[in-house]
Structures are given as structure tokens and as C-alpha cells.
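For reference, Swiss-Prot has these:
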ACT_SITE  ASP13  active site, proton acceptor
ACT_SITE  HIS41  active site, proton donor
BINDING   12-18, 40-42, ARG304, 330-332, 412-414  GTP binding site
BINDING   ASP13, GLU14, GLY15, LYS16, ASN38, ALA39, GLY40, HIS41, THR128, ARG142, GLN223, THR238, ARG302  IMP binding site
BINDING   ASP13, GLY40  Mg(2+) binding site
BINDING   THR298, THR299, THR300, GLY301, ARG302, ARG303, ARG304  substrate binding site
Amino acid sequence: MANVVVIGAQWGDEGKGKITDLLSRSADVVVRYQGGVNAGHTIVVEDKVLKLHLIPSGILYPDTICLIGSGTVVDPKVMIKEIKMLEDNDIDISGLKLASTAHVTMPYHRLLDLAMEQKRGDQKIGTTGRGIGPTYADKSQRNGIRIIDLMSREKLQERLQVPLSEKNGLLQKIYGIEPLIIDEIIEEYLDYGKQLKKHIVDCNRTIHQAARKKKNILFEGAQGTLLDLDHGTYPYVTSSNPVSGGACIGAGVGPTLIDRVIGVAKAYTTRVGEGPFPTELHGSINDQLCDRGGEFGTTTGRRRRCGWFDGVIGKYAVEVNGLDCLAITKLDVLDELEEIDICVAYELNGKRIDYFPTSVEDFEKCNPIFKKLPGWRCSTENCRRLEDLPPAAMSYLRFLAELMEVPIAIVSLGANRDQTIVIEDPIHGPKRALLNS
């Protein structure tokens, strides 16, 4: 048995969906532990492109339990839409489970998210506008609605009175938005509750029953390390904890239950929305990476900002998450480049530093110091073994492993499942018996 956490080692969009899908074949339970519909992952199965925001990638395996955990925030309308999409594609969803204690994104959360972002003007933080921050804020203020509240008209009405009154006041007086009607919300969300009822479970009990039976449990994070509320580029962050420690809180398990932590990183770096990005590219190479990599957000459709691989934030992700190994994705996107830069340090106020500064103001001043490596100028898309890779591509991967001081377990060379080199099974293989030198 091995219980594994999969996290993003950059600013999200690293390709966690594909890696989770790959590892789900060996998992009995897949748990999404934080975030909401602000995340998105794309999975390709038999030429079908499936875009999911809430439901874990493991849903594609009929014998796998897929649990949306207590640490998530759930937009039930989106979840029901995803369920229908999966059913329309003849995918068995009997293993889909939803924590009764997960918090619910309400209509006023979405309205406030968009209104607040608009009011920030040039101070905007790049929110997806899906109501995630306001939902987590209500959770912290103990004003939130939970999935279990959708099971009872009386309970929902009782729980909704105070927050809706407060939010209607804000919407009207500050943002000039018409107030929401409580009876309409109650009817809508009770209906969502009826549709989701068969999936609702006790999250903690479900996970610990599986653990007692020595089942393999895969914990799936959304977003990435540098978007973590406490450890990311604050305030340009999400409202939860995507780092590996967030799995314990969001799923309700102790750290001793976790056996391994796998970090997913692109062979280059991307970022969506606002915030500093030291290795960001502009011009033709940026366009090439964006076009070849299909760098448009699953959730927002926004064009992603592209840059060279940043080893400084990579090493930071290794430390913050306690990574055991890495999965490197989209290596094939670099196939046509003559030369490739890797950021090995920063220059800040005339001094060389090799650490991630905690001040976002300092981070904005950081200039990357690059190591230049030769490109391989040939396709890697059909490589299925390490020895199939061009020597320059192998050298690139070895340099990444050495720079980040953690071995590489998986290399992804395209969106399809079979476009993958598994150097060592991160779930069943021996720890650290991987590509690291």
C-alpha cells in the first residue's frame, strides 16, 4: 500500500490531471482535497477531450472511489453539469463521492467575486470570478453553507438568513447590484441537493475505512505551490492550500498516513493572471511555447503567460512540499528550440540569491540568472523509453533533477495517456530509485 499526494510545483496548470489519471490506475481511492471550480484539468481518452473542474481524474476508472473532500468548495450546478457530461460519454460515475462537510459556492459568492475584482481596478489579483475566495471567506467566518445543509429545507433556510442578508446589503449599497431572493435560492439549491444526494458521504470515515483496508489512496491537489494562500506569491494566490500539507487538512488525515509526495512541473513555466513572473518571455518564443503547448486556461480560457523553467521556485516547491520525486510534463513543447534557458538563481538589488523571497515586492525586482542548454531540434512525441530520447533532452532532464535535488519519476510528451515515459512507478516502486544523475 502507498498513499500519495500529487501537487503542482509551479503556478498551477502543470498537467496534474494527466499525471493523476495515470496514477489512478494503481489507486483505490482518489481524493480532491482543496479548491473549487477555479481549477481545471483536461484529460484525453480515446481521442475524447474531457474538461473537468471538480471531479477527480480517477473517475475514468470504474473500480476507483473518487472523493471530493471536506477542504473543497463546491459549485453544485457545475458538478451536476460535469456528471451529465461524463454520463453522456458512457463513463461510470458510481464511484463518485462528495463530502457532506464541503462548503457550497452560492450565487452571491460569484457576484461578489466579480464585483470586488472589478472595483480593484489596476490592483486586481486575477481571480477566475467563480466565487472561490468569498466561499472560503464565509467558511472562515462560520457563515458558510455546507453540502449537508442542502438536504433540509429548514436547515438551509436557517443557515442562509444571515449571510444572504449581509451579502444583499453589500451587493446593493456598494456595488449597485439587485438583491437576491432567498426563496428562489432555497428552491434551486434544494434541487441540487436532491440530485447529488446519492453521492454524499462522510469524508473522514470513507478515507479511514480505506486506509484500514490497506487501500492505495491518491490525494489530488488543485492549482500549484506558488498559488498557495500561505506559501505563494501573496496576494496573487488562491484562497486555499494546494501544498502537500493541505492534503492532511482538506481530507482529514494525519501526516503519518502520507507515504510519498509527487510534484508535477512543466518543462517550462506558465502563469495565469496577475503577479510577478521572473522568467516570463515575450515575443516569438513566448508565442511558440503558448501555441505548441496549447496554453489557454481550462477554466477561464485566458492565454497563459509563458517563461523558461524557474529552478528557484522549483527548489522552493521541493522544500515546502517535501517532494519525493517529480513528473515533468510537456517536454515535447521544447522540441523545436535551438537553445533552452533554465533559471538557476536571481539577481536582487545587485546580489545573487538562490532562494524564493517572501516579499512580493522583492520578487517583482528579481531578475533571472540563466544556464543555457542546447535544444534537440527533433520530435520526442513518440518516445516511450528514456533511451529513445535525444541526448540533449536527456541532459536537460538530468540538469533539472540535479538543480531541484529531487529525482524524476515520469516524463510526459503529449496529452494522450500513452505519450508518457514512466521511469519508476511512484506508487509501487522504491523511493528515489529514479532519474537523478
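Glycine is no exception: its Cβ is also placed from the backbone N, Cα and C atoms.
The model shown is predicted, which means the values in this text are computed figures rather than measured ones.
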Fewest-neighbour residue among binding-site residues, criterion Cβ within 10 Å, set ASN38, THR128: THR128
Where LYS18 (GTP binding site) sits in the secondary structure, as DSSP reduces it to three classes: helix
Three-class DSSP secondary structure - LEU331 (GTP binding site): helix
Span of the IMP site, taken as the largest CA to CA distance across ASP13, GLU14, GLY15, LYS16, ASN38, ALA39, GLY40, HIS41, THR128, ARG142, GLN223, THR238, ARG302 (Å, rounded to a whole number): 34
Closest of ASN38, GLN223, ARG302, ARG304 to LYS18 (GTP binding site), Cα positions, binding-site residues only: GLN223
Integer Å distance between the CA atoms belonging to ARG304 (substrate binding site) and THR42 (GTP binding site): 15
Nearest-integer angstrom distance between the alpha carbons (Cα) of LEU331 (GTP binding site) and GLY40 (IMP binding site): 21
Binding-site residues: LYS18, ARG304 - member with fewest neighbouring CB atoms within 10 Å: ARG304
Spatial neighbours of ARG304 (substrate binding site), counting only the recorded positions ASP13, ASN38, GLY40, THR128 and Cα distances within 10 Å: ASP13
Cβ packing number for GLY301 (substrate binding site), 10 Å threshold: 8
Binding-site residues: GLY12, GLY15, GLY40 - member with fewest neighbouring CB atoms within 10 Å: GLY40
